[in-house]
Amino acid sequence: MEEKYLPELMAEKDSLDPSFTHALRLVNREIEKFQKGEGKEEEKYIDVVINKNMKLGQKVLIPVKQFPKFNFVGKLLGPRGNSLKRLQEETLTKMSILGKGSMRDKAKEEELRKSGEAKYFHLNDDLHVLIEVFAPPAEAYARMGHALEEIKKFLIPDYNDEIRQAQLQELTYLNGGSENADVPVVRGKSTLRTRGVTTPAITRGRGGVTARPVAVGVPRGTPTPRGVLSTRGPVSRGRGLLTPRARGVPPTGYRPPPPPPTQETYGEYDYDDGYGTAYDEQSYDSYDNSYSTPAQSAADYYDYGHGLSEDAYDSYGQEEWTNSRHKAPSARTAKGVYRDQPYGRY
């Protein structure tokens, strides 16, 4: 009986006139059920010991009758269908939007619906989402429950919810407007903040490096100039802190950092600029200024010293620094004079 049933249905389908749309629909439904084995009695028991994979399907109605003006299909699909793809990946299910209004071209949808083909039979049903799961029984029902809970969020007719806002941002990003996307904007702002914070840090590094020639301030006659070097350390750090005040009159060879861009708009290459300038200004600018271009740091230190107080550093001029080598022989000769008295006979 079953062997003859399918050929009879196919012959009856071919004999029907295309104008009998309802008859063709019923015949196609019967053929589809027979091919899928749905005509057989369904199993009433689930064997959880064997844990065999089972197929679970559920149709979720889309409330287009209650909210006819809301585009539920667009919200479910998202930009380029990415929202529905991510929803399937998260829930580990297969989802399909079927029924009336599931196709964008209404004329083609009506044509396919009247064609009577089995794969387009769903166009006669109401608009719905078909959720299918193929997994062990416990996992299949767990996935189905998760999918029903997640898809419920997409069936709320709200234009300003989090899902809609995320889709608009993604659509802007896909259309080439990366400056309005979330990730580039956050990175661009972070780089602007680091620029404003690290500028004094760079000057501190310069002050710390230029504090090497502190021996210039060693007064005459001090027997232990090394102790003075340690006491002059905090003064050098103070100079580094006051260097931003001296930037109004930049010394020769000084190259000020470029001004940061405005935060209102972000250009096309803001993503690259965010990381490139952040590392250049924070990490390597101080080393380049102090080691690769020592003349810049020396000039900065020299101008600051003379601009702060010339009278205080008159006794520590360049002549004393160049003639500091003669201090040691003069001190030795003085010590030798004291030693000549007990050993004068030799």
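For all residues, glycine too, the Cβ spot is worked out from N, Cα and C.
Copied over from Swiss-Prot, here are the features:
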REGION    1-160  region 'Involved in homodimerization'
CROSSLNK  Lys4  SUMO2 cross-link
DOMAIN    61-127  domain 'KH'
REGION    212-266  region 'Disordered'
COMPBIAS  253-262  compositional bias 'Pro residues'
REGION    317-346  region 'Disordered'
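Secondary structure at the residue listed as 'SUMO2 cross-link', as computed by DSSP, is helix. Counting residues of the domain 'KH' (61-127) by DSSP class, helix then strand then coil, yields 36 helix, 6 strand, 25 coil.
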